[in-house]
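J.: Quick one: the structure is below, and I'll ask about it shortly.
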Amino acid sequence: MKRVILFLITNLAVMLVLSATLRILGLDRFITAEGLNLNALLMFSLVVGFTGSFISLLISKPMAKYSTGAQVIDPNAPRSQREAWLLDTVYQLADRAGIGRPEVAIYEGAPNAFATGAFKNDALVAVSTGLLESMREEEVAAVLGHEVAHIANGDMVTLTLIQGVVNTFVVFLARVVGYFVDRTIFRTERGVGPGYYVTVIVCEIVFGVLASIIVAWFSRQREYRADAGAAQLLGAREPMIHALARLGGLEPGDLPKSFQASGIAGGGAISALFSSHPPIPARIAALQQMRLS
């Protein structure tokens, strides 16, 4: 699938701006004279949490094009045989998957590819020049099948919903902890003091890191599905296995983190817990064990 710094940065930026805006407008009235209004806080957290993730989803295509410098191929006037082949291959895969034909783009970079877009029938599949130059056609077709499977499986929307849920918990818990720290440690009796805001910021960072582990785990499960989807679309497991094996011997290109989850290669995460992609040997083993329908 591809899905976690551009998506997360955009998501976090929207959350922060929205939080500040709601406070300026006086719409964050979950702290009252009687204490913390948990129902009001939950509603506030839902608005902030889901708005950030959905705005990130809606602008994912233009942000992907901008951040990678991807050039969309004109379907009516491909400039080379390679571009014509890419269009034809992606369109065939999309037709088999039962989705609208996505935009197809090429960007300069080391081996990688990604898919993004808010809707199945209005998506983008992009592949790097490094991948095109280092893989055989059947392997490139498998990678394209993997990306089309991400779109068909609705992985960007799934990631957005998961991100919205974890955002909500991060916003909610950070403010609950901030309130109690401000009351019990800093002894604030009326309203909230500096301790509340400092605690909220620290908790949002800490809880955000923990939440990213959950998002990464879901992303890894969707990667297995996309690998299997590529095999189903191609009618054989071998092209996807060969593509992964070749990718394992290459230095995959970094993507903006927001698109790593929908890329073919991992994002080079420090720990497996934070990786959006399973290890390549595990992905190959899963493909070898699957049954084609």
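Quick reminder: no glycine exception, Cβ is built from N, Cα and C everywhere.
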J.: Besides His146, His150, which of Glu83, Glu204, Glu223 does Swiss-Prot list for that Zn(2+) site?
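T.: Within the candidate list, Swiss-Prot flags Glu223.
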J.: DSSP secondary structure for His150 (Zn(2+) binding site), reduced to helix/strand/coil, please.
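T.: Once the DSSP labels are grouped into three classes, His150 (Zn(2+) binding site) ends up as helix.
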J.: What's the number of neighbouring CB atoms sitting within 10 A of the CB on Glu223 (Zn(2+) binding site)?
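T.: There are 28 of them.
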